[in-house]
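According to TrEMBL, the protein carries these features:
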BINDING   B:Asp26, B:Thr40, B:Asp70  Mg(2+) 4 binding site
BINDING   B:Asp26, B:Asp70, B:Asp200  Mg(2+) 3 binding site
BINDING   B:Asp42, B:Asp113  Mg(2+) 1 binding site
BINDING   B:Asp42, B:Asp70  Mg(2+) 2 binding site
BINDING   B:His49, B:Asp244, B:Phe291  substrate binding site
BINDING   B:Gly112, B:Asp113, B:Arg141, B:Ser202  ATP binding site
BINDING   B:Asp203  Mg(2+) 5 binding site
DOMAIN    B:25-132  domain 'PurM-like N-terminal'
DOMAIN    B:147-256  domain 'PurM-like C-terminal'
Number of protein chains: 2
Amino acid sequence: MSAELDFIAALRALAGDPAARGLRDDCAVLPFGGQTLVLTHDTIVAGVHFLPDMDPADIAWRLVATNISDLAAKGAAPVGVLLAYQLNGAEARFLEGLRAALAEYGAPLLGGDTVGMPDGAAQTLGLTAIGRATHTPVPGRDGAALGDILYITGPVGGAMIGLEALRGGDNGAASAAYRRPQAQLAAGIALAPHVGAMMDVSDGVLLDAARMATASRVTIAIDSAAVPIAAPEPRRAEALRWGDDYHLLFTAAPDVVLPVHAHAIGRVIAAGKAPILLDGAPLSLGDDLGFAHG
Amino acid sequence: MSAELDFIAALRALAGDPAARGLRDDCAVLPFGGQTLVLTHDTIVAGVHFLPDMDPADIAWRLVATNISDLAAKGAAPVGVLLAYQLNGAEARFLEGLRAALAEYGAPLLGGDTVGMPDGAAQTLGLTAIGRATHTPVPGRDGAALGDILYITGPVGGAMIGLEALRGGDNGAASAAYRRPQAQLAAGIALAPHVGAMMDVSDGVLLDAARMATASRVTIAIDSAAVPIAAPEPRRAEALRWGDDYHLLFTAAPDVVLPVHAHAIGRVIAAGKAPILLDGAPLSLGDDLGFAHG
């Protein structure tokens, strides 16, 4: 991780434009013409971000859904995507999943690049998602205010259970939460005018909440029993630390009537010594909070 | 190549949005907020698109310059870039080149993704360049009209000579044309209001002219002796087939007074049996026209 963190710190020096949001947010956000452009790019690598023997249709779905999820966290509507694809001979199934995911989110393919892959290389795939903000100011991770309630739009732990099912040979409903995550696009658009901070939960609710707290210079107190989980109760602690579920984590003032159903799981308090209080116990970014992958 | 061509054909079915330009242009071009957004993404792979032992500063420069060159071909001004970087331990030099290239083209880093690389993998790097059209309609490859003159903004073959020098151990001026290609951004912006078709020469002037002719449904007659080359005269035929030079290839009506210096190298004639006539000899895309890499 150290090389990555050092590199990102150096990149921040090149990212002084306010649109870059210090490389600390899910997306770049910039005025363009009379509207606001929202841009994100995720790269996934076989063996790092996905199982090399997964159905390529599921890999394509995840590539699209996770990027669209970043747009959802900004309340942005998709304009389209650019695909960076590396040929590995499994194009037919990849196209199936790509077609399904682009149709699901109404995001046309606008361009990209297709390249070869040397023997023995790990397939590396990228997607740039382009969106249009539906509300300004565009929510960031840094908007959590004292007294806000912390909410999540759905359960965590489903992808953990789904991955286990996939590893056990399931390719149906039991593994769907991992294979076919759902970007909360409609919820993000509905919520954007009402939230303080908002982000998608990609790396685990505790880790992502800690990032939100750090960006907002507050502490967030989380009631672990209030977090909805899609896993057996004995695995609650794991579910809170597992990623890939892509629900939206956001704060709103207590008097806000939310336009979509969400679960209150904590509250924003004055910055203490740690970004998170979990059932009263301080937890910091160095602690075991979630899944920080490259 | 067949897998790549089949895949791209399938992608075109997903790219029905006019902004995608049928995936046949250098960039996606779309109205946004009363202006016109120009987007491109290129991916480069160690051992496929660059020498694995090149100075990472030069790799970064090439990654930026080649994407900015696509914006230049649209007459677009850079708004910023998203970087997809795969950690390989050579970050310090990569950052040097990245900083220099972004400064050269006035393109701030807006975001992206940094990922790990499994052992033995080939480093795969991507860049999304975002631009703002300075003139509409935005030039495409398909605008070459009967009677137009074909021009190029500078010589070809320089990158060929530069690569040979680099392979021979040079890291200075003799290899600079390959290591540090120059995107013709100012020329592209100046030319956009005046051209029929425009594109950058990335894969060789003959191959790229053939693509322009095909997109425009015309034939382009090229006078090989008129093409400026940055290589010894005996290597003229090679220089016409070598890529990586990134000058702009464009057409304009004979009465147009060009705002920048360019070399007239051919003319647009009615579509014949081949897209190119080279000194009167028909040449098709299947012939040895240039460098078609993945």
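Cβ coordinates come from backbone N, Cα and C, glycine included.
In sequence order, the binding-site residues near chain A, meaning those of B:Thr40, B:Asp70, B:Gly112, B:Asp113, B:Asp200, B:Asp244 whose CB lies under 8 Å from a CB of that chain, are B:Thr40, B:Gly112, B:Asp113.
Neighbour counts were taken as the number of other C-beta atoms within 10 angstroms of each residue's C-beta; across the binding-site residues B:Thr40, B:Asp42, B:Gly112, B:Asp203, the minimum falls on B:Asp203. Look at the binding-site residues B:Asp26, B:Asp113, B:Asp200, B:Asp244 and count other Cβ atoms within 10 Å of each Cβ; B:Asp113 has the fewest. DSSP assigns B:Thr40 (Mg(2+) 4 binding site) to a strand. Between B:His49 (substrate binding site) and B:Asp200 (Mg(2+) 3 binding site), the C-alpha separation comes to 17 Å. Cα to Cα, B:Arg141 (ATP binding site) and the residue listed as 'Mg(2+) 5 binding site' are separated by 14 Å.
Of all the binding-site residues in the list B:Gly112, B:Asp113, B:Asp203, B:Asp244, the shortest Cα-Cα distance to B:Asp26 (Mg(2+) 4 binding site) is found for B:Asp203. Cβ environment of B:Ser202 (ATP binding site): B:Thr66, B:Ser69, B:Asp208, B:Gly243, B:Asp244, B:Tyr246 lie under 8 Å away, each six or more residues apart in the same chain. Using a 10 Å Cα-Cα cut-off from the residue listed as 'Mg(2+) 5 binding site', none of the binding-site residues among B:Thr40, B:Asp42, B:Gly112 qualify. The domain 'PurM-like N-terminal' (B:25-132) scores a mean pLDDT of 95 in the predicted structure.
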